[in-house]
Amino acid sequence: MSEIRNPLEGIPKARLFRDVKAFAEKRGLGDHLAVLKKGALLAQNEIAADEIAGDEKLSDDELTILDTEVKHKWRMPFRLFLTIATCSIGAAVQGWDQTGSNGANLFFPGYYGIADGSTRSRIILGVVNAGPYIGSACIGCWLSDPINSILGRRGVIFVSAHFCLWPVLASAFCETWAQHLACRLLMGIGMGVKASTVPIYAAENSPAAIRGALVMSWQMWTAFGIALGTGFNLAVFRIEHNWRWMLGAPCLPAIPLLFLIYLCPESPRWFMKKDRYPEAWKSMRLLRHSDLQVARDIYYISAQLEIEKQLAGKTTYPQRFQQLFVVPRVRRATLAAFTVMIAQQMCGINIIAFYSTSIFQEAGLSSFLAMVGSFGWGMVNWLFAFPAFWTIDTFGRRNLLLFTFPQMFWTLLGAGLCTLISRDGSIGDIRNGLICLFVFLFGAFYAPGEGPVPFAYSAEVFPLSHREAGMAFSVSTCLGWAGVLGITFPFLLERAGAIGAFGMYAGLNLLAFVMIFLWVPETKQLSLEELDGVFNVPTRFFMKYQCGTIAPWFVKRYFLFGWMGSKQDACPTLVKEDDEGICMIPMSESSTPILRRAAAHRVSRA
């Protein structure tokens, strides 16, 4: 075991400037040499920005820009917000695609002749509903790495938008369930490629301080797409061939996505990965306010990329996939990303997303009121995602998950128990109201936690060398299991009843809570390159720290009301390793982001 730190830390100024000059000449950035020297000094130690002297002394305007970056972190360039808005449209396509079949489930089985309740018909209905997830998990996600390598992030999103346009439109004109399934499988290819790329694209373009909030727009606007889809389903409920409109309308957001994506800059990190630094500079300049910020970020990223290249070397796609499970730093990121992704299926959210109309109808509501209930759930799922904008980068990804999973447990259990209430008379009305209430509460706790975190988290935890392969595996895990649950839930509901189905998923929420507690470290307010330090802590040490330090501290502080002085003691933070092993250094909860980043530079490497 050895200590890892900022790769620029401790380099003498003269040597640093020689390295900067060589870097500028090699990368075709000679015209930016003067600002690169300033940027290298900032990347080496941002805390001392106002103490930089000599020819590289920062002007008042430059210091103001750096101060604004910390104090007014939401003052971002227009092109960055356009990029995130375009990614959000891609997410809305995904959400609306998911919910189109939710309402249509009430109608198209009869047209296709699969509404007789037989086992064959239920399997066909489940496979048709799960078609996009089967296409994503088996094909779409795995195409992400090679297509990204050839076309870049924007090119992948452009191609995937076509798969989310034409097959979706075609599904509205299908005459058999086989045709419908083929369209949904093709749609799934686009969904998989897009879902594996858009969060990476947003993460690579976003500043560390608000990366979580910007990348979580994927899930937030997926939720908006779900709400929009349920609202549209309700609007066309009483027109002829309503299910065809429900299935075809989700193609609409893909049209502006096709055009807007080419107004957005390509990922600077993708350009740097391809050794196209002049283009990376131009792209980064559109995403930052000043050349100084561009110079700092590009030089720091390049220093980390050199380390990655030395460690990973030149690899093929199969080798990169294999290394997800054998290289220690990458394996820990794979475990954490797998955990948050599989937890999204364990919590039961996609069962409600697929079958909320059927669930409300099963609870005793009419078809129209079941559609109203689905619309209400969709709106709750979207509106309650907004708090995550302010909490995901402050309260943190991990803490959001650990807080919301217990709440999803009791709300889902409550919904199941309410199905035991009699359906007769006024008691039946109370029963239906309580079921809807608990399902809505479940959505309210899901939306700011397990909703936005998995895709944002998975997009940031892998090193650049393995980012596409890692994200492909993570998204495939999520969407593949979504497909499995979509196929099996009707049988589970039939055999175990509503109480059994809800109870099982309530229990899985507790299991997911334990998995997250043991295997998912925090990533907030660290650059993508600094996360190497977080995932260089061995899993066994992290688990020992969680069980032996965090859990007792939490119990003493919050359940024993601060006895034994724990109310005043800061939570010990695992930040580095010395000759005697892992050290836990108390870090005040009021520490600034920069101080936390400085500490994170010294996390141990396995």
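Heads up, the Cβ atoms here are built off N, Cα and C, so glycines get one too.
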Range annotated as transmembrane segment in TrEMBL, from 33-51, 128-146, 185-203: 185-203
Non-local residues, at least 6 beyond the ends, that sit with Cβ under 8 Å of the transmembrane segment (155-173): 86-87, 90, 93-94, 97, 100, 140, 144, 147-148, 180, 183-184, 186-187, 189-191, 193-194, 197-198, 201, 244-245, 247-251, 254-255, 257-258, 261-262
Interface check, the transmembrane segment (368-390) with the transmembrane segment (215-237), three or more C-beta pairs under 8 A: yes
Residue list, the transmembrane segment (402-421) vs rest of chain: Cβ under 8 Å, 6 or more residues beyond ends. 343, 347-348, 363, 427-428, 430-431, 434-435, 438-439, 441-442, 445-446, 448-450, 497-503, 505-507, 509-510, 512-513, 516-517
Against which stretches of its own chain does the transmembrane segment (469-492) lie, if we need a Cβ under 8 Å and a gap of at least six residues from its ends? 122-123, 125-127, 129-134, 136-138, 141-142, 144-145, 188, 191-192, 195-197, 199-200, 317, 320-321, 324, 330, 333-334, 337-338, 341-342, 344-345, 350-351, 354-355, 454-455, 458-459, 461-462, 500-501, 504
